[in-house]
Amino acid sequence: MTQNVVIIDTGCANISSVKFAIERLGYAVTISRDPQVVLAADKLFLPGVGTASEAMKNLTERDLIELVKRVEKPLLGICLGMQLLGKLSEEKGQKADEIVQCLGLVDGEVRLLQTGDLPLPHMGWNTVQVKEGHPLFNGIEPDAYFYFVHSFAMPVGDYTIAQCEYGQPFSAAIQAGNYYGVQFHPERSSKAGARLIQNFLEL
């Protein structure tokens, strides 16, 4: 079956790398913020880099907030895109001094990682502990490494389908209904990341 794959055009910097990662798997992909295109998609990606406050501002200016909430097909938020699915974020610019209201599609609140002596941001390769049998991680080795770059994270909760440890446990992957999210960058995570993208496209 031919999949209608759409990356929601959030205006963020990593859209092209996500697009290339999907195309490498043999799928055609469209980048769009047109409601007709977005709502007709079989699978959607919500990429994000930068701060939550800037990203929510971009979504507001592009009339994307209500559109994302209307999506009924599987949507995968990547990195900041995952965090935006939560209720709120502490991330405003360089300082956690104001709460940013997010999309409220997942019952999680994004907070600054408490890492003790470990440096922030959490940057580099790390393993994740997956909820057994979740289809997003089909065929991925339990000790597979994924690439992370972040200082804020969603805590572990009922929505967590994989968690990671960096000073504290946090959600590495989440699901709430048709909304999925990964804190790591699958498009930069070699074979394991490519397999995860393929698994999502085959859901």
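Glycine is treated like the rest: Cβ placed from N, Cα and C.
Database features, via Swiss-Prot:
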- 4-203: domain 'Glutamine amidotransferase type-1' (DOMAIN)
- Cys79: active site, nucleophile (ACT_SITE)
- His185: active site (ACT_SITE)
- Glu187: active site (ACT_SITE)
Subject >> Integer Å distance between the CA atoms belonging to His185 (active site) and Cys79 (active site, nucleophile) >> reply: 6
Original post:
Do you know the mean pLDDT across the domain 'Glutamine amidotransferase type-1' (4-203)?
Top reply: 95
Original post:
Tell me, by DSSP, whether Cys79 (active site, nucleophile) is helix, strand or coil?
Top reply: strand
Subject >> Assigned element (helix, strand, coil) containing Glu187 (active site), judged by DSSP >> reply: helix
